[in-house]
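I have placed the structure first, in the form of structure tokens, so that the comments after it can refer back to it.
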Amino acid sequence: MITANSFERTIGGRKLTIESGKMARLADAAVTIRYADTELLVTLCAAKKPREGVDFLPLTIDYEERMYAAGKIPGGFIRREGRPSEQAILAGRLTDRPLRPLLPKEWRNELQIIITVIASDKENDADIWGVVGASTVLTMSQIPYEGPVGASRVGYTNGEFVLNPTFAQLEQSQMDLVVVSTRKAVVMIEAGSKEIPEDLMIKAIEFAHQANQELIDLQDEIRAKLGKEKLPVPVLEIPEEVKAAVAAFVKGRVNEALSHQDKTLRENAVEALQSELVEALAETYAEGDILAAYDKEIKKAIRSTILEKDIRVNGRGIKQLRQLDAETGILPRVHGSALFTRGDTQVMAITTLGSLQEAQQLDGLSAEDTKRFMLHYNFAPFSTGEVKRSGSPGRREIGHGALAERALVPVLPTPEEFPYTIRMVADVVGSSGSTSMGSVCSSSLSLMDAGVPVKKAVAGISIGLITGENDTYCTITDIEGIEDNYGDMDFKVAGTRDGITAIQVDMKVKGISFDVIRDAIYQAKEARYTILEVMDKALAQPKTELSPYAPRMYKISIDPSKIGSVIGSGGKTIRSIIEQTNTTVDIENDGTVVIGATDEASAQKAIKIIEDLTKDVEAGSVYTGKVTRIMTFGAFVEILPGKEGMVHISELADHRVEKVEDVVKVGDEITVKVTEIDSQGRINLSRRVILNPNAVPISRNRDSQPRRSGPFRPQDRSNS
């Protein structure tokens with residue numbers, strides 16, 4: 001048996017075990033991390049040589065879900081895992097975002113961390129343990145790393161914080177908060193919550209930070225026993241003479257180029273100055289060094305202006321929002337639409353309503369099987385005025401869409417209140433920063449324009465950070481793209497007037513203090529109120545009527561014991577209803593039936609068929625049915641779908657009938673009255689009493705009738 005090093009802790013009432021040396025022994029570092037019965041294999045491999053031609057940290061984090069982990073066989077034709085699920089992509093981003101700032105920016109050797117979920121107890125989410133596992137392998141390895149970090153999930157139920165809640169506990173929780181932090185600072189926050197007040201959210205972040213300390217202690221213990229000596233950090237310095245020459249050439253001109261509020265004018269001015277600079281110095285210095293020094297001058301100008309003058313290079317105040325505009329109903333035919341503009345950032349959001357059958361089917365390790373609300377974020381190249389390849393959404397697009405989706409879920413009506421599947425598409429048509437929060441604003445308005453009865457409007461804002469010497473800092477409201485690029489933090493907050501619905505915090509520094517967190521959260525609240533006022537002017541309440549082009553949903557209830565009658569053998573009956581009426585039909589286990597149709601006539605037709613299928617035949621009632629079979633002694637008539645009765649030959653007419661065929665033939669529609677339902681549930685019918693209301697029906701025992709030829713069919717003597 002292979003000997004492994006094992007380390008244990010009890011976290012949140014469940015055992016956490018990190019083991020190294022048993023699997024993936026050829027990787028630079030590898031651990032298995034198990035929490036309760038959820039287990040992951042986390043590996044790190046580093047290239048031996050720097051990657052040529054890159055000016056960034058080449059870190060790749062892959063999060064892979066194995067379906068066997070939950071005892072599943074993958075769907076699809078080939079029955080094996082394919083491209084990562086949306087949840088796997090988000091889990092990979094959850095790991096990448098806090099670790100990247102803690103690795104040296106100068107590192108050019110490719111790093112690959114692969115997180116593989118190899119066991120899932122379907123109770124505990126594996127994502128945060130991917131973060132802890134990745135931090136552990138970096139801590140053990142030779143790679144320079146300013147961790148370790150801990151990652152904790154926090155729920156809030158019945159006035160108490162819950163550490164690492166299960167899927168079942170999260171369903172009852174008011175928040176789903178993930179915090180990643182080092183010993184002293186927070187490096188990543190992600191939250192979805194049901195309008196949580198700002199002060200409570202800050203307390204929850206503090207609670208998670210404290211819980212992370214034990215995970216950091218555990219990794220320090222592992223490093224002490226298994227850690228390798230760290231490699232030196234590469235030095236990538238721009239020669240001093242280049243920096244001096246560039247600074248002298250652009251002195252005073254950088255601020256002038258950056259002063260334009262219009263993004264296009266600003267970029268043109270910056271590029272024009274860059275061209276002059278390169279032309280003037282290219283014969284003396286390397287172009288790469290010139291461009292790097294110029295980039296530092298731009299960064300210095302942006303940051304120093306904010307820190308020293310409390311104003312931005314384009315003249316906007318520290319807490320001043322860009323020009324806002326909101327408009328709804330901008331497109332014909334669609335079910336709902338809106339356009340939200342903030343400066344040069346514009347997002348068009350479209351709402352499409354469908355039946356509950358159109359909910360997304362999830363094939364992964366998450367607790368959910370279906371999703372009735374989807375928000376898809378698209379970022380086209382033209383939104384930044386660039387020429388780029390346009391293809392399927394990448395990790396960034398999926399992450400931004402998930403954030404906006406999470407922000408809106410708390411205000412959505414339940415399926416019982418609004419039995420629709422809702423698809424949102426947020427198309428970014430102009431980008432100068434904070435498009436994800438623009439997507440929240442435009443999508444909120446689009447939902448209301450579509451007539452979705454959302455509880456409240458939701459708005460989002462991004463708060464930036466510029467840090468200086470001696471722990472000085474400045475938080476700035478509504479950051480533009482250039483401030484995001486040269487700043488230290490992107491603190492996104494979405495919510496209503498009554499609280500926070502989503503947070504996502506990414507940063508370039510090695511963590512932020514609780515003073516920064518507090519300032520950012522309350523600064524976002526102030527800005528959110530201003531944005532909501534602008535949105536209210538466009539549309540303050542959801543429309544009371546759906547678009548004429550949206551499907552209508554009609555809800556009825558049937559006896560749960562009759563569900564089988566509606567579905568039919570192998571779904572034959574329900575498929576027939578859908579085809580006949582051009583509707584959608586969704587049936588819940590409690591007998592709730594939702595019919596979706598583009599017009600009321602089709603819906604009512606489907607409703608009638610379903611009601612007839614589930615209706616009990618009553619003695620004395622009159623029905624119009626179709627003759628299905630003819631015997632020598634009478635005719636069988638289907639009076640309700642799947643329910644036949646017999647009209648004896650003596651009850652076919654108000655005169656003597658010699659042959660049944662003289663009065664009716666198969667396919668004829670006749671009106672009959674139920675005269676009797678015998679002890680075996682067989683239905684006796686009379687046409688004679690319809691033709692002659694004064695006639696008295698004859699009670700008869702069908703067992704005394706002549707035996708007919710032909711095979712026995714159960715429906716000949718039953719309700720079915």
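Glycine is no exception: its Cβ is also placed from the backbone N, Cα and C atoms.
According to Swiss-Prot, the feature Mg(2+) binding site maps to Asp484, Asp490, an assignment based on sequence analysis. In sequence order, Ser462, Gly464, Ile479, Asp484, Gln504, Val505, Asp506, Met507 make up the list of same-chain residues 6 or more apart from Asp490 (Mg(2+) binding site) whose Cβ falls under 8 Å from its Cβ. Secondary structure at Asp490 (Mg(2+) binding site), taken from DSSP and collapsed to helix, strand or coil, is strand.
Positions annotated as domain 'KH' by Swiss-Prot: 551-610.
The domain 'S1 motif' annotation in Swiss-Prot covers 620-688 and rests on sequence analysis.
The region 'Disordered' annotation in Swiss-Prot covers 697-720.
Here the domain 'KH' (551-610) is broken down by DSSP into helix, strand and coil counts: 32 helix, 16 strand, 12 coil. Using a 10 Å radius centred on the Cβ of Asp484 (Mg(2+) binding site) and all shown protein chains, the other Cβ atoms total 18. Asp484 (Mg(2+) binding site) carries a helical DSSP state (H, G or I). The DSSP breakdown of the domain 'S1 motif' (620-688) into helical (H, G, I), extended (E, B) and coil residues amounts to 7 helix, 36 strand, 26 coil.
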